[in-house]
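Database features, via Swiss-Prot:
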TOPO_DOM  1-25  topological domain 'Extracellular'
TRANSMEM  26-49  transmembrane segment
TOPO_DOM  50-57  topological domain 'Cytoplasmic'
TRANSMEM  58-78  transmembrane segment
TOPO_DOM  79-99  topological domain 'Extracellular'
DISULFID  CYS96-CYS188  disulfide bond
TRANSMEM  100-119  transmembrane segment
TOPO_DOM  120-138  topological domain 'Cytoplasmic'
TRANSMEM  139-157  transmembrane segment
TOPO_DOM  158-195  topological domain 'Extracellular'
TRANSMEM  196-218  transmembrane segment
TOPO_DOM  219-235  topological domain 'Cytoplasmic'
TRANSMEM  236-258  transmembrane segment
TOPO_DOM  259-271  topological domain 'Extracellular'
TRANSMEM  272-291  transmembrane segment
TOPO_DOM  292-312  topological domain 'Cytoplasmic'
Amino acid sequence: MERDKPVSVSEFLLLGLSRQPQQQHLLFVFFLSMYLATVLGNLLIILAISIDSRLHTPMYFFLSNMSFVDNCFSTTVPKMLANHILRTQTISFSGCLMQMYFISELADMDNFLLAVMAYDRFVAVCRPLHYTAKMIHQLCALLVTGSWVVANSNALLHTLLMARLSFCADNTIPHIFCDVTPLLKLSCSDTHLSEVMILTEAALVTITPFLCLLASYMHITCVVLRVPSTKGRWKAFSTCGSHLAVVLLFYGTIMSPYFRTSSSHSAQRDIAAAVRFTVVTPVMNPLIYSLRNKDIKGALVKVVAVKFFSVQ
């Protein structure tokens with residue numbers, strides 16, 4: 001069969017979401033709007049945290065890092081928009097591997113940061129008298145740096161595994177960006193090792209932080225339920241509300257598509273999950289964290305006021 005003959009593939013075709021011209025125009029406007037909202041929202045949060053000294057705390061340090069990661073996540077959108085404007089669907093082989101590398105790295109970073117933020121909430125709620133002594137700046141910096149190192153190592157491993165594969169004449173990717181699973185489907189090589197590594201990564205890099213996060217919230221729940229007053233319990237839970245909403249949004253998006261082997265994947269389900277993961281989630285996170293947080297809203301007002309009066 002022709003598929004069994006490896007050829008030198010220099011580029012791939014990203015089919016995107018729709019081939020209908022009218023739908024493409026609507027999707028272009030949608031993605032452009034979401035991208036601008038993501039960049040603006042996350043930049044405002046980063047600026048607000050850096051300007052307002054009251055927000056120079058571990059919780060907001062982790063939040064500013066997550067906003068940075070979310071902004072980086074949305075960089076897959078400009079490629080889609082550029083392809084629409086240029087009337088092309090191509091992406092180079094090296095560009096595809098690079099895109100896959102950054103998506104894997106940033107997804108892992110989001111996962112690690114959510115676990116780190118859960119630990120921060122655990123210390124704040126369950127060990128309030130020791131919070132300042134435990135959550136020192138050096139520890140916070142170490143947790144974030146360690147997360148970047150592990151995420152980078154895992155993404156690099158993924159990329160090297162994909163780079164060693166051979167690809168056939170069929171270079172069409174039914175996706176909005178280069179992801180591991182659709183690339184495995186196109187490969188003419190034996191993908192068993194890559195599939196095993198992906199499942200191992202899912203177990204170690206995804207489930208382990210999730211279990212740490214789950215343990216933190218189990219402790220938080222036990223402590224909060226022992227608070228005698230309803231008002232006290234609500235106040236304690238409210239400190240975790242925004243983070244818990246982001247956790248549910250994140251894991252609700254990634255659990256389904258990334259825990260199946262390549263043979264059981266549906267392109268439509270993968271694309272829908274990818275849109276939620278790389279477009280919807282990054283724009284929702286700043287909204288979730290700012291709508292119910294008086295400190296963030298106050299800092300955002302300060303940022304807007306400073307920028308407005310500086311222009312005047």
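Cβ atoms are placed via backbone N, Cα and C, with glycine included.
Within 10 Å of the C-beta of CYS188 (disulfide bond) there are 19 other C-beta atoms, taking all protein chains into account. When Cβ atoms from all protein chains are considered, those within 10 Å of CYS96 (disulfide bond) total 22, not counting its own. Mapped onto DSSP helix, strand and coil, the topological domain 'Cytoplasmic' (50-57) counts 5 helix, 0 strand, 3 coil. Taking the topological domain 'Cytoplasmic' (292-312) as a whole, pLDDT averages 70 in the prediction. DSSP assignment over the topological domain 'Extracellular' (158-195) gives 17 helix, 4 strand, 17 coil. Note on the transmembrane segment (272-291): residues 17, 31, 34-35, 37-38, 41-42, 44-45, 63, 66-67, 70-71, 73-74, 76-77, 103, 107, 175-177, 179, 242, 245-246, 249-250, 253-254, 256-257, 297, 300 of its chain, located 6 or more positions outside it, place their CB under 8 angstroms from a CB of the stretch.
Only residues 6 or more beyond the boundaries of the transmembrane segment (196-218), in the same chain, are considered here, and those with a CB under 8 A from a CB of the stretch are 108, 111-112, 114-115, 118-119, 121-122, 150-151, 154, 157-158, 161, 180, 240, 244, 247, 251, 254, 258-259, 261.
With helix defined as DSSP H, G or I and strand as E or B, the topological domain 'Cytoplasmic' (120-138) counts 16 helix, 0 strand, 3 coil. Between the transmembrane segment (236-258) and the stretches 26-49, 58-78, 100-119, the greatest number of Cβ pairs separated by less than 8 Å involves 100-119. For the transmembrane segment (100-119), same-chain residues at least 6 beyond its ends with a Cβ under 8 Å from one of its own Cβ atoms are 59, 62-63, 65-66, 69-70, 72-73, 75-76, 143-144, 147-148, 150-152, 154-156, 158-159, 162, 177-180, 183, 205-206, 209-210, 212-213, 216-217, 243, 246-247, 250, 254, 277-278. For the topological domain 'Cytoplasmic' (219-235), the DSSP counts in helix, strand and coil order read 13 helix, 0 strand, 4 coil.
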